[in-house]
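Only one structure is covered here, and it is reproduced in the block below.
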Amino acid sequence: MACHNIMILSLLAITFTLVIAFEPSPLQDFCVADPTSSARVNGLACLDSKLVQANHFFFSGLHVPGNTSNPLGSTVTPVTVGQLPGLNTLGISLARIDYAPWGVIPPHTHPRATEILTVQQGKLFVGFVTSNPDNRLISKVLDMGDVFVFPVGLPHFQQNIGTGKAVSLSTLSSQNPGVITIANAVFGSTPPIADDVLAKAFQVDKSVITRLQAQF
């Protein structure tokens, strides 16, 4: 009997952990972010509801193309809680992505969100890599109107493989999904990761690591 009770409690504990693994549902109609608050919470403190206005739930300009004149040939226009305070506690955000011909969004992860991408214009090659030990690449060519999902936390990328510009729209399952660009994190950390660690990890000479770190 005692063993049976322990098993039930263990299952309940696991279930509870899974339930709270992602952002909790709001406990009120809304919690507009108050960036001026000094309160330390998991997220942003709520603005006094009496001060809330329509503009706290409004963002303008997502129709404007982003500037892709950079080495990657892409740019992201985010609409997270940082740009739209009314998203606070709602567990959702948005991003417009513009691509020059052959422009890329390099391999990256969103530690707190699943991403669902819709192609608005052009043709994209997209994919994600599964976790160890398989490290399987799951990829597909997308045309206008196609939709693809990147599971939470997995490295993924996008590339414009058309002859013209491309545009996609992504919805993410967090008000603040976070972005970890793999190359920037590995070769551009502050302070830098020791070159002997990276040389052994990538099985290359330290001089290669030094050149790569200089790029970031």
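All positions are counted from 1 along the displayed chain.
Any Cβ shown, glycine's included, is placed from N, Cα and C.
Caution: TrEMBL annotation is automatic and unverified by curators.
Here the structure is a predicted model, which means the values were calculated and not measured.
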What is the disulfide partner of CYS46 among CYS3, CYS31, as given in TrEMBL? CYS31
What Cα-Cα separation, expressed in whole Å, is found between HIS156 (Mn(2+) binding site) and CYS46 (disulfide bond)? 33
Counting Cβ neighbours within 10 Å across all chains shown, tell me which of the binding-site residues HIS108, HIS156 comes out on top. HIS156
When you average the Cβ positions of HIS108, HIS110, GLU115, HIS156 for the Mn(2+) site, which other residues in that chain have a Cβ within 8 Å of that mean position? THR109, ALA113, PHE128, PHE150, LEU154, PRO155, PRO177, VAL179
